[in-house]
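Data block below; observations after.
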Amino acid sequence: MSSSPQSAAPLAPAVPVASTAQAQRSAVARGREGQALMIGGGLLLGTIGVFVEEAGQDPATTVWFRCVFGLVALLAWGAARGRLGELTGLRGRALAVVLAVGLLTVLNWGLFFAAIPRSSIAVSTVVFHVQPFWLMAMGAYGLRERVTRAQWTAAAVALGGLALATGLLDHDAAWWNSQPGYVTGLLMCLLGSFSYAAAAFIAKVEAARCGSFALSAGQCVVGALVLLPWPMLHGLPAFGASWAWLAGLGVLHTGLAYVVLYAGMARLGTGRIAVLQFVYPGAAVIVDWLVYGRALSPSQMLGVGLIGAALWTLRRRG
């Protein structure tokens with residue numbers, strides 16, 4: 001029995017070729033916007049060491065001002081976007097997560113700022129960027145994520161690159177005697193990178209419970225409150241140029257940088273995000289050289305390249 005026209009199954013509507021081409025162009029444009037935002041955010045963060053050095057304050061004061069000015073900037077952005085409820089509505093486990101992430105982030109900032117005058121902007125930034133490997137280990141242990149042989153190989157290569165990037169192999173005993181704080185600065189960077197990875201791990205596991213704005217603004221609230229006794233006991237710096245540098249740390253490197261980077265990440269895949277993260281340490285090395293004349297040695301540059309190559313391989317496979 002033949003089918004009548006009325007009983008025939010309806011055909012799916014054809015997708016116009018023009019519509020598909022337009023969607024592809026839109027995706028490409030979105031990717032370019034995301035890349036531009038990530039590059040802009042990385043270049044901005046690459047100047048953070050200059051602001052820390054020029055402010056000339058101790059690490060606790062520097063972190064407190066960064067939290068206060070950063071909180072003002074983030075609250076202004078949150079109010080404009082109608083997202084303040086994400087912060088004021090925190091309760092229970094979500095509140096505990098924000099507090100934990102905030103404490104770890106403040107510890108990371110303090111250690112990083114304390115390391116800069118001891119081991120330079122460039123070296124501190126490079127050493128700090130071993131944090132993806134801490135995160136990989138936390139995922140393997142805490143979430144039972146499978147770690148491949150290629151990933152462990154990448155970690156070993158990065159550790160070798162780290163040894164070169166620190167400059168530990170470039171100097172003799174006389175130099176070490178003249179730089180007693182250098183190793184301390186390196187250890188501060190490693191501990192700071194671990195605390196950063198721990199904060200990122202918690203945020204990754206609990207992201208759906210809190211939200212990116214609550215985590216960003218919450219860490220500034222925690223830092224401003226936890227470190228409040230420090231400026232109360234030791235006083236505020238004299239009003240002047242140092243305040244401008246400290247305000248820049250909060251408004252530019254916390255408020256603006258977070259907004260720009262999050263907007264860029266929302267437009268990109270994880271592989272490209274991983275590669276673009278290295279705009280920050282690369283910019284820091286160049287800024288340190290341009291502003292203070294502290295260029296990395298050839299072996300240190302080789303170490304930076306090894307770390308970057310290892311992370312690229314790790315993220316492409318992971």
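Cβ coordinates are placed from backbone N, Cα and C, and glycine is handled just like the others.
As annotated by TrEMBL, domain 'EamA' applies to 34-165 (among others).
Here TrEMBL flags 184-312 (among others) as domain 'EamA'.
Same-chain residues lying 6+ beyond the ends of the transmembrane segment (34-51) with a Cβ under 8 Å from its Cβ atoms: 116, 121, 124-125, 245-246, 248-249, 252-253, 256-257, 260-261, 263-268, 272-273, 276-284, 286-288, 291. Marked as transmembrane segment by TrEMBL: 34-51 (among others).
The annotation transmembrane segment is assigned in TrEMBL to 63-82 (among others). Below 8 angstroms of C-beta separation, residues 55, 57, 106, 109-110, 113, 213, 216-217, 219-224, 227-228, 230-231, 246-247, 249-251, 253-256, 258-259 of the same chain, each at least six residues beyond the ends of the transmembrane segment (63-82), sit close to that stretch.
The transmembrane segment annotation in TrEMBL covers 94-115 (among others).
Below 8 angstroms of C-beta separation, residues 46, 49-50, 52-53, 112, 115, 151, 155, 158-159, 162, 165-167, 185-186, 189-190, 192-194, 196-198, 200-201, 205, 274, 277-278, 280-281, 284-285, 287-289, 292, 294, 296, 300, 303-304, 307, 311, 314-315, 318 of the same chain, each at least six residues beyond the ends of the transmembrane segment (121-143), sit close to that stretch. Positions annotated as transmembrane segment by TrEMBL: 121-143 (among others).
Per TrEMBL, transmembrane segment is recorded for 150-169 (among others).
What TrEMBL records for 181-203 (among others) is transmembrane segment. For the transmembrane segment (181-203), the residues of the chain that approach it from at least six positions outside its boundaries are 97, 100-101, 104-105, 107-112, 114-119, 123-124, 127-132, 134-135, 138-139, 142, 166, 168, 210, 215, 219, judged by C-beta separation under 8 angstroms.
Annotation source TrEMBL lists transmembrane segment at 210-230 (among others).
TrEMBL lists 242-261 (among others) with the feature transmembrane segment.
Sequence annotations record features per position, and here TrEMBL assigns transmembrane segment to 273-292 (among others). Remote same-chain partners of the transmembrane segment (273-292), defined as residues 6 or more beyond its termini with a Cβ less than 8 Å from a stretch Cβ, comprise 35, 38-39, 41-43, 45-50, 53, 120-122, 125-126, 128-129, 132, 264-265, 304, 308, 311-312, 315-316.
When Cβ-Cβ distances below 8 Å are used as the criterion, the transmembrane segment (298-314) is approached by residues 123, 126, 129-130, 132-133, 136, 150-151, 154-155, 157-158, 160-167, 169-170, 274-275, 277-278, 281-282, 285 of the same chain, each at least six residues removed from its ends. The transmembrane segment annotation in TrEMBL covers 298-314 (among others).
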- the domain 'EamA' (184-312), counted residue by residue under DSSP: helix, strand, coil: 109 helix, 0 strand, 20 coil
- Query: Between the transmembrane segment (210-230) and the transmembrane segment (94-115), do 3 or more CB pairs sit under 8 angstroms, pairs being 6 or more residues apart?
  - Reply: yes
- Query: Sequence-remote contacts (6 or more beyond its ends) of the transmembrane segment (150-169), Cβ cut-off under 8 Å?
  - Reply: 119, 123, 126-127, 130, 133, 136, 186, 296-297, 299-300, 302-307, 309-311, 313-314, 317-318
